[in-house]
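Pulled from Swiss-Prot, these are the features on record:
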type	residues	note
SIGNAL	1-17	signal peptide
LIPID	Cys18	S-diacylglycerol cysteine
LIPID	Cys18	N-palmitoyl cysteine
TRANSMEM	42-64	transmembrane segment
TRANSMEM	98-120	transmembrane segment
TRANSMEM	124-146	transmembrane segment
Amino acid sequence: MSMKTKAAFHLVLFGLACWALISYFEASEGIASFFGTKSGGMVFDLNLTPFILFVAASAVYLYLQKKSRPARKQLLLPDEFEEQDEREQMMTAKACRASYIAVYFSLPAAAVLLIFYPLFQSRIPFFPIIIVFIIMIIQHLSYVISFKKNEKNSGAL
């Protein structure tokens, strides 16, 4: 599987995981009261669509991953650390540095945004979940973009 395909899958999985967590967050109060009552008479609504889509997308990703990579390192390391030679190790090191710098600047920005969270908590109660996933997406995109840029500069085909 190419790096662009993996990155696209990762972004889709991040989005679906964020949607699933938001759905759970919206239903969490009903779930807590459901388990808190002895009769179990309370009913809660939980949107299962994001969970089903996340499981389906994960299954497709794992199938394609298993097909393209040997079983020796199935889930131990992220896909980004499958260097074949020193050139790829150097590209990975530069991309990790770029990713670190992106997170270094995005975390304080997220902290500033979270300062204002009480002002709109009633309208967007799941805002911290969105912030966490935005940081993950920024980190991943900065890694992939830097890796591709370094790949072009290194003379790779």
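Positions of Cβ are set from backbone N, Cα and C atoms, glycine also.
Long-range Cβ neighbours of Cys18 (S-diacylglycerol cysteine) (same chain, at least 6 residues apart, Cβ-Cβ under 8 Å): Ile129, Ile130, Phe133. Look at the residue listed as 'S-diacylglycerol cysteine': DSSP puts it in a helix.
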